[in-house]
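Remarks on the structure that follows.
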Amino acid sequence: MTNIRKSHPLMKIVNHSLIDLPAPSNISAWWNFGSLLGLCLGIQIVTGLFLAMHYTSDTLTAFSSVTHICRDVNYGWIIRYLHANGASMFFICLFLHVGRGIYYGSYTYSETWNIGILLLFAVMATAFMGYVLPWGQMSFWGATVITNLLSAIPYIGTDLVQWIWGGFSVDKATLTRFFAFHFILPFIIAALVMVHLLFLHETGSNNPTGIISDADKIPFHPYYTIKDALGFLLLITLLLTLVLFSPDLLGDPDNYTPANPLSTPPHIKPEWYFLFAYAILRSIPNKLGGVLALVLSIAILAVMPLLHTSKQRSMAFRPISQCLFWILVADLFTLTWIGGQPVEHPFIIIGQLASFLYFFLILILMPTCSLIENKLLKW
């Protein structure tokens, strides 16, 4: 008799995706972040669902409903902080996952890569809208500043902003629709994840060497299920350590002050995971230019497959490219630091130089360097 997991229509799909899936024998811990992102999404959906049961999306009661969750709901505080810090974990895994894709040339699977970029945009939109919901000072002013950027779009900008706001300022209508979108987007993200995996399983996984590994495959279970389980354990340990020992470490103290449209905080800044993009936005004095740079800072990932000039796929055997990659990582850390600083000397010029270097590295230096390495192969 055939095993049920190989014959049952539904079990068969799970079997081909998670059990009998042929996987390269040499994929390192950098390949763990895909499953960790799945775990993060699961944690966010479950904790978010429980928070939504007690949250009210009204400007008068939103802030106090979050306080009520933390004080009066059974284990409400841990659910709230798991959700808030779970978002940080989500972005740490996302950045490492994308970084792995760049380093090992996984972007050559262009369909999987492009769905991944869509996922990144969707997760960023979800996180932004979620940050508005507690209706603290930084929630309100963050929403005002970021949505106002759309007014830089010629001709339709002002109308577009008022349409998104549902009025002439960020108010009750804005909060209600942000809650609606924040609730629905994770399920859209889950659907996109399915498509992401569908395209990935069409080609199979890349590996650290960047060489086709069809001749040497191993079953996903038990080898990579146990490896993923270890990753899950480490992620949950890190998340719980953060939640139980310093839950507000990554938050902004301003968000413990209820939103006040009449008082602007001294430094308006987003959550830490948006600071690099915020620094790029601020580095350009022109409003429209800044908005374009902000969008391009993520959209630039889409041109990576087109800019791949190397004869080798992975950077594993390309020391000059490796050097440029780590300069790019250091540059992103610099941008993140600058994004959290006030707009004054010397931070302005450092931000402008770091923003220039970010685009210069990806668009010019890395492809040129790959061509030089191609020449060196012939020596």
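Cβ coordinates are placed from backbone N, Cα and C, and glycine is handled just like the others.
Features as listed in Swiss-Prot:
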- H83, H182: heme b b562 binding site (BINDING)
- H97, H196: heme b b566 binding site (BINDING)
- H201: ubiquinone binding site (BINDING)
- 33-53: transmembrane segment (TRANSMEM)
- 77-98: transmembrane segment (TRANSMEM)
- 113-133: transmembrane segment (TRANSMEM)
- 178-198: transmembrane segment (TRANSMEM)
- 226-246: transmembrane segment (TRANSMEM)
- 288-308: transmembrane segment (TRANSMEM)
- 320-340: transmembrane segment (TRANSMEM)
- 347-367: transmembrane segment (TRANSMEM)
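Locations of recorded Swiss-Prot features on the structure.
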residue	record	contacts (Cβ under 8 Å, 6+ apart)
H83	heme b b562 binding site	Q44, T47, G48, L51
H97	heme b b566 binding site	F33, G34, L37
H182	heme b b562 binding site	G48, T126, M129, G130, L133
H196	heme b b566 binding site	T112, I115, G116, L119
H201	ubiquinone binding site	H16, S17, L21
Two-stretch contact, the transmembrane segment (178-198) and the transmembrane segment (226-246), at least three Cβ pairs under 8 Å: no
Three-state secondary structure, the residue listed as 'ubiquinone binding site' (per DSSP): helix
Stretch-level contact, the transmembrane segment (33-53) and the transmembrane segment (226-246), CB cutoff 8 A, at least 3 pairs: yes
Contact ranking winner - 77-98, 113-133, 226-246 against the transmembrane segment (288-308), Cβ under 8 Å: 113-133
H83 (heme b b562 binding site) - helix vs strand vs coil (DSSP): helix
